[in-house]
Amino acid sequence: MKRRKRGRGIVNADRISQLPEALIIQILSLLPTEVAVTTSVLSKQWQFLWKMLPKLNFDSLDQRHEFKTFSKNVKRALLSHKAPVLHSLHLIVHLHLCNSMNTAKLIGIAFACNLRKLVLEVDGGRFSIPESLYNCETLDTLELKYSILMDVPSSICLKSLRTLHLHYVDFKDNESALNLLSGCPNLENLVVHRYPFSSVKTYTIAVSSLKRLTIYTSSTVDPRAGYVINSPSLTYLKIVGQIGFCLIENVPELVEASMIVSSQIINKNLLESLTSVKRLFLEFSPLMIKFPAGSIFYQLVYLELLTHEAECLNLLTLMLNSSPKLQILKLLSPKYQSWKKDVVGKWNKPKIVPECLLFHLETFMWKGYEWKRNDETEVAKYILSNTNRLKRATFFSKPISSEERVKMVKNLNSVVRALNSCQLLIK
């Protein structure tokens with residue numbers, strides 16, 4: 001019996017070692033890098049497997065009780081790496097545990113490993129990006145976060161870079177910001193979380209290869225700060241937060257746009273520059289922006305509109321009149337309305353039934369529908385009574401009694417056109 005148990009134990013011990021090396025490496029890559037390194041003591045076969053890991057992750061706080069050992073351990077791991085390509089390196093550096101000089105050296109060593117993706121998070125001081133980064137030929141993805149200052153030379157050349165994320169990163173000056181983007185000739189995806197106290201007031205994004213652009217700004221950003229966007233290949237645009245101005249030029253390929261803006265827009269062309277899109281999400285006060293006269297959203301088939309102010313319903317009228325091919329309409333009301341029920345003014349319904357209602361609208365959804373508000377009821381009934389192709393209308397309201405629900409359904413059903421066989425849902 002004992003021999004059987006011992007034999008069974010030997011079999012169990014050998015099971016992992018009998019797996020293909022590629023699978024073992026894949027398993028090790030799911031572990032924290034420091035844990036994966038310690039597996040080298042398990043057997044001779046495992047002694048070198050960790051050196052083939054495609055991804056390495058290090059956090060200096062994990063070694064905060066071993067002062068000055070972090071940079072040595074990371075350096076040793078990078079110099080021991082044997083795979084032809086290091087697919088990803090994620091460094092979380094606290095400068096009181098690993099100073100700027102050592103951090104710069106680690107980045108330089110990583111580039112010698114044919115690094116494809118670098119994620120660098122810095123805290124505890126201001127870190128200046130080393131010049132070696134600005135001429136890395138293998139880097140495909142770069143994510144820089146927090147206490148980082150970029151002094152970008154005009155000689156920058158990141159020819160392989162396709163994805164760039166900048167989280168609260170600051171630039172030495174306007175020229176550095178321009179140099180960074182001009183030195184990325186194949187950049188396709190850019191995400192910017194703007195540093196609130198940046199020295200760059202006008203952020204110019206002129207990249208001919210750029211396809212996706214996402215911008216986040218906080219309420220503490222200078223209200224005079226803004227953006228100039230000139231990217232002819234852009235297909236997706238999202239802007240969130242407070243901006244002083246936004247000039248969008250030459251974006252003929254734009255397909256989807258999301259504008260969640262909480263401050264006044266100085267320029268007048270914001271919506272006019274979005275007329276080529278097929279999908280559009282709008283969240284801002286209509287009183288803060290001028291609707292482009294005569295502009296038609298010929299390609300628009302999907303529209304989401306946040307109705308957080310009474311005036312938003314009049315923006316809806318303008319959008320319906322200007323979107324002849326609209327197929328899907330979603331209205332989103334905040335959970336708790338900040339404006340009074342008896343608001344001054346009323347909804348200005350279209351003078352002529354919009355073309356999209358007559359020929360194209362198939363799906364209508366309203367989240368946060370206030371069925372007791374006269375203006376919202378008027379909007380809902382107008383859309384239901386004037387659509388010929390509507391297949392489904394869904395209304396999400398706050399919790400109401402069974403009697404109120406029956407009353408609301410009856411009220412809406414009374415105007416649904418029989419010829420469009422619309423499915424009316426109340427949730």
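Glycine residues also receive a Cβ, built from the backbone N, Cα and C atoms like all the rest.
Features as listed in Swiss-Prot:
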type	residues	note
DOMAIN	13-61	domain 'F-box'
REPEAT	67-93	repeat 'LRR 1'
REPEAT	98-122	repeat 'LRR 2'
REPEAT	141-168	repeat 'LRR 3'
REPEAT	169-194	repeat 'LRR 4'
REPEAT	213-241	repeat 'LRR 5'
REPEAT	258-284	repeat 'LRR 6'
DOMAIN	346-396	domain 'FBD'
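Against the repeat 'LRR 5' (213-241), stretch 169-194 shows more Cβ pairs under 8 Å than any other of 67-93, 98-122, 141-168, 169-194.
Across the domain 'FBD' (346-396), DSSP assigns 18 helix, 10 strand, 23 coil.
Using a Cβ-Cβ cut-off under 8 Å and counting only residues 6 or more beyond its ends in the same chain, the repeat 'LRR 2' (98-122) has close neighbours at 60, 70-71, 74-75, 78-79, 81, 83-92, 128, 130, 132-133, 136, 138-148. Panel annotation: around the repeat 'LRR 3' (141-168), residues 95, 116-129, 131, 133-135, 175-177, 179-180, 182-196 of the same chain, lying at least six beyond its termini, place a Cβ under 8 Å from a Cβ of the stretch. Per-residue confidence over the domain 'FBD' (346-396) averages out at a pLDDT of 90.
Look at the repeat 'LRR 2' (98-122): DSSP puts its residues at 12 helix, 8 strand, 5 coil.
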